[in-house]
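Sharing the features that TrEMBL gives for it:
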type: DOMAIN; residues: 4-329; note: domain 'FAD/NAD(P)-binding'
type: DISULFID; residues: Cys40-Cys45; note: disulfide bond
type: BINDING; residues: Lys49, Asp315; note: FAD binding site
type: BINDING; residues: Gly183, Gly184, Gly185, Tyr186, Ile187, Gly188, Val189, Glu190, Gly275; note: NAD(+) binding site
type: DOMAIN; residues: 353-446; note: domain 'Pyridine nucleotide-disulphide oxidoreductase dimerisation'
Amino acid sequence: MKRFDIIVIGSGSANIVVDEALEKGLKCAMIENGKFGGTCLTRGCIPTKVMVTVADFIRQAQKASKIGINIKDISVDFDKVSKRVWQKIDESKDVYQYYKSKENLTVYEGTAKFISDKEIKVVFNDSAKQDEIITADKIVIGAGARTKVPKIEGLEEVGYLTSESFFGDKFPKKPYESVTVIGGGYIGVEFAHILSALGSKVNIVQHNMYLLPKEEEDISVAIPEILSKYGIDVYTNKDTIRTYMQDGKKILEFKNISNGRLYSVKSDEIIVAPGVMSNADTLDIQNTSIELEKGYIKTNEFLETTVDGVYAIGDINGKYQFRHKANYEAEILSHNLFYAKDNDYEFVSYDAVPAVTYIYPQVAHVGLTEKEARKKGYKIQVALHYYYQTAKGFALGYDEGEEGDGFVKIIIEKDSKKILGVHIIGDEASILLQPYVELMNAGEKIIQPINEEIGSQLTKRLRKENYKRNLNPNTIELTNKTMVAHPSLSEVSIWTKYMDFK
């Protein structure tokens with residue numbers, strides 16, 4: 001059995017841990033069963049935002065007449081769009097070559113299968129290779145998540161796409177004439193925005209009463225109207241029943257959950273995007289003492305699992321599915337594993353996780369919704385400020401009372417004036433959000449136990465001491481330690497940790 005100092009499963013944000021371990025001269029193993037670079041690079045935030053940007057420009061051109069610009073005959077060079085998408089996805093090959101060239105690092109192309117708490121069997125993608133068993137004192141699980149495909153009669157026979165296959169071997173050679181999206185979370189509505197702007201007739205079918213149900217209700221209720229304005233047919237509060245082929249089209253049948261009324265839509269393609277599920281089930285976790293919760297690996301505020309020396313970061317721990325959150329966790333874990341000294345430990349806090357949905361206009365939030373704040377017992381005050389009330393908002397074409405008018409909603413604690421949540425819909429919402437993310441992360445923060453039953457002796461001591469950290473808002477340390485929505489232009493100014501100060 002080959003022994004390493006540290007084993008890392010996954011090649012997305014977990015790369016950060018590998019980089020720091022190599023910097024310390026440790027003997028490392030990396031296990032990856034797919035494309036290198038993780039979901040974000042290969043099928044998530046980066047390729048989708050290349051396409052979202054095209055869709056945004058199209059919508060802006062269509063809206064330009066409001067400010068006196070008449071643009072006719074908008075055309076899309078889809079071959080060029082595709083080339084730019086794959087230019088980014090293919091950077092996965094560079095990631096692979098980079099790590100293959102590293103000394104002290106063994107790269108395994110295959111699937112990790114736990115056979116005990118600290119022993120892993122690598123099942124190689126190349127079936128000609130014999131399985132290999134490896135072990136390490138420290139194991140970091142960053143194996144991500146995948147699309148959760150619902151059980152719908154006929155779906156397998158008819159065929160469908162997911163984000164994995166769309167940005168894989170089924171990437172379209174041209175925009176579809178029509179497409180039905182199952183799922184109204186951020187992945188589903190982004191697909192609807194992209195494909196509709198490119199000229200596809202889009203249906204979106206959602207089980208929940210709302211699209212983007214995790215957003216502030218004022219925003220969620222506005223989304224169907226905005227999408228409908230661009231020709232997207234929205235069906236909410238619907239249960240999918242079955243799908244079948246008819247006259248060369250894919251028919252999806254569904255019913256109203258409240259009254260049972262039946263509906264059907266037809267399209268050339270179906271995209272399944274109802275959410276994601278943890279990849280923990282692919283790792284034979286049942287052979288370990290690692291505990292799961294709803295399929296996700298349980299972690300605490302130090303990213304520890306129920307097995308000492310085993311950590312989980314990113315999508316697989318179920319704490320928000322965003323690359324910037326995963327990077328944040330990887331940086332904190334790397335610090336604690338390789339650099340921390342007495343009273344220099346870092347812990348995660350999920351109070352200020354920015355979330356952005358890249359439709360037109362953008363939707364962004366950080367912190368609690370009004371309903372969540374009240375449920376937690378806060379006495380709150382709420383303020384709304386509309387885009388049209390500012391000179392720039394007027395210049396962009398926002399009008400009072402207009403459908404889809406942009407606004408910022410801020411929720412604060414009444415007595416302390418502490419910011420509890422910020423919610424934005426409108427142009428460049430991701431940029432407008434970032435100052436509030438910084439403010440909510442600044443100052444003193446006392447450790448808040450997460451899954452308190454998990455904890456090493458050190459963790460228990462730090463909790464008992466009410467361990468705290470303090471981020472001075474006057475220093476660059478605040479931006480270094482604050483999440484920034486990825487990918488957004490805020491990264492240009494906020495990624496100070498990557499800047500070369502001289």
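Keep in mind that glycine also has a Cβ here, set from the backbone N, Cα and C atoms.
In terms of burial and nearby residues, how do these features look in this structure?
DSSP classifies Cys45 (disulfide bond) as helix under the three-state reduction. In sequence order, Thr39, Arg323, His486, Pro487 are the residues near Cys45 (disulfide bond), counting only same-chain partners six or more apart with C-beta under 8 A.
Taking a C-beta cut-off of under 8 angstroms and a sequence separation of 6 or more, Lys49 (FAD binding site) has the following same-chain neighbours: Tyr358, Pro487.
Secondary structure at Gly183 (NAD(+) binding site), taken from DSSP and collapsed to helix, strand or coil, is coil. Counting only same-chain residues at least 6 apart in sequence, those with a Cβ under 8 Å from the Cβ of Gly183 (NAD(+) binding site) are Ile204, Val205, Gln206, Val272, Ala273, Pro274, Gly275.
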How do the residues of the domain 'Pyridine nucleotide-disulphide oxidoreductase dimerisation' (353-446) split into helix, strand and coil according to DSSP?
27 helix, 35 strand, 32 coil
Suppose the NAD(+) site is Gly183, Gly184, Gly185, Tyr186, Ile187, Gly188, Val189, Glu190, Gly275. Which further residues of the same chain have a Cβ inside 8 angstroms of that site's Cβ centroid?
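So the extra residues in range turn out to be Val181, Phe191, Leu211, Leu212, Ala273, Pro274.
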Just to verify a number: CA distance, Asp315 (FAD binding site) to Cys40 (disulfide bond), in angstrom, no decimals.
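Roughly 11 Å, rounded to the nearest whole number.
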Report, in whole Å, the straight Cα-to-Cα distance of Ile187 (NAD(+) binding site) from Cys40 (disulfide bond).
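Cα-Cα distance, Cys40 (disulfide bond) to Ile187 (NAD(+) binding site): 12 Å.
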Record lists Gly183, Gly184, Gly185, Tyr186, Ile187, Gly188, Val189, Glu190, Gly275 as binding NAD(+); longest Cα-Cα distance in Å?
13
